[in-house]
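Peer 1: This is the structure I want to talk about, given as structure tokens.
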Amino acid sequence: MYLKELFIDNFRNLKKQKIEFSNKINILYGKNAQGKSNILEIIRLLSIGKSFRNSKNNEMVNYNSSYFYIKGVFDDDIDKKIIEISYKKDQNRVIRINNNKIKYTIQLVGNILTTIFSPEDLNIIKGSPSIRRRYIDTTISMIRRNYLYNLLQYNKVLYNRNKLLKELRFNSSNKELLNILDEQIVNYGSKIILYRQQYIKNLDIVIKKLLYDISGENANLKYENNINIDTENIIDIKSKYLDNLKNSQKNDIKYCQTQFGPHRDDFKFNINGYNSKIYSSQGQQRTAVLCLKLGEQEIILKETGSKPILLLDDVMSELDMDRQKYIYNMIQGSQVIITHVDKKDIDGNKYLHIQDGFINEE
Ligand code: ATP
Ligand code: MG
């Protein structure tokens, strides 16, 4: 699926307009603070229902308005999909797919595949484990239908278990309920561990080649679960996970926190055997993120049969010429939307100039 048209009304600084895109390389250029990243934010929002900046709906409404409306028309020559999101302040957001209102955002995810790469993504390497978990969770949600459902259920049960732990600290009469919640949490959590392990394993294979091609270095990705499970057998995962939970019940009650489970997991990106988060230079870390994004694109293609739309927010200017050329070769054949301050230096199939929230085609 590629993005054909975008309709925008009252989204951040963007003026009411319709934008048409090429199904190849689109260069969206303009000075700082004109609305380039806001356009990518819209496309990602139509894809996964969430802002890549983690913004709230209220924040995306134009300062002088009380609502926003965005609509994307996507096409792949066989099929057509129209995704609409409308939001009125202090009301529920409404999402429509081909004119049908959907009940849950989870129904949106997987319809339009996108990969976004922005300067803040450096935090996938540099930042806390929660950022790395969010990164893999978002991608897996796009390729595995029930993953997001599992994750939401897991978080719900985890919340209830932590609440119960607090109660049990003062009143131990409800221990039976804890055992029930342990069974439930293991049921959802094991699938999360399994899918994440599989994703990281596949990504590791792809990334080894990418990094070697780019810089001649050796990459190694490793998923680290705090239960120390090194198997893809779901029954074994479940039983070890349950054992850990049972053994830590006393401690969990003492600290009122669930210590074991995928909410505490992480993955490591090693370059030449050393953890990139700790030892890599800024440039190496940027290259590592670039590999994660290009690798993600490859895996999405392998798993779903379609290439995601690539959204590159201001990343070209941060990479040296060799790396820019490498990306340029890799992205051929995909629909790409690149934001850049200058029109020069980047070859595109369509140039869109943005000024004060309004796009002029050339
Ligand atoms: P840069 O090159 O610096 O990254 P950009 O073109 O990507 O710039 P955007 O991040 O898209 O810029 O932001 C454009 C403008 O939108 C900014 O000036 C920002 O203050 C403004 N803006 C953000 N939220 C809102 C809002 N809710 N209402 C109106 N304007 C907003
Ligand atoms: Mg920007």
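Note that Cβ sites are derived from N, Cα and C of the backbone, with glycine treated the same way.
TrEMBL entries are annotated by machine, without manual review.
Per TrEMBL, the features are:
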- 2-344: domain 'RecF/RecN/SMC N-terminal' (DOMAIN)
- Gly30, Lys31, Asn32, Ala33, Gln34, Gly35, Lys36, Ser37: ATP binding site (BINDING)
Peer 1: Indicate whether Ser37 (ATP binding site) is helix, strand or coil by DSSP.
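Peer 2: Helix, per DSSP.
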Peer 1: Consider only the binding-site residues Gly30, Ala33, Gln34, Lys36, Ser37: which of them have a Cβ under 6 Å from an atom of ligand 2? Write none if no residue does.
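Peer 2: Among Gly30, Ala33, Gln34, Lys36, Ser37, near ligand 2: Lys36, Ser37.
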Peer 1: Let me know the most crowded of the binding-site residues, choosing from Asn32, Gln34, Ser37 and counting other Cβ atoms within 10 Å.
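Peer 2: Result of the Cβ crowding comparison: Gln34.
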Peer 1: Rank the binding-site residues Lys31, Lys36 by how many other Cβ atoms lie within 10 Å of each Cβ and give me the one with the fewest.
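Peer 2: Taking Lys31, Lys36 as the binding-site residues, the minimal 10 Å Cβ count falls on Lys31.
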Peer 1: Can you count the other CB atoms that lie within 10 A of the CB of Ala33 (ATP binding site)?
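Peer 2: Excluding its own Cβ, the number within 10 Å is 11.
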Peer 1: Give the sequence-ordered list of residues that share a chain with Gly30 (ATP binding site), lie 6 or more positions from it, and have CB atoms under 8 Å from its CB.
Peer 2: Lys36, Val341, His353, Ile354, Gln355
Peer 1: Take the Cβ of Gly35 (ATP binding site) and count every other Cβ within 10 Å, whichever protein chain it belongs to.
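Peer 2: 23, counting other Cβ atoms within 10 Å of Gly35 (ATP binding site).
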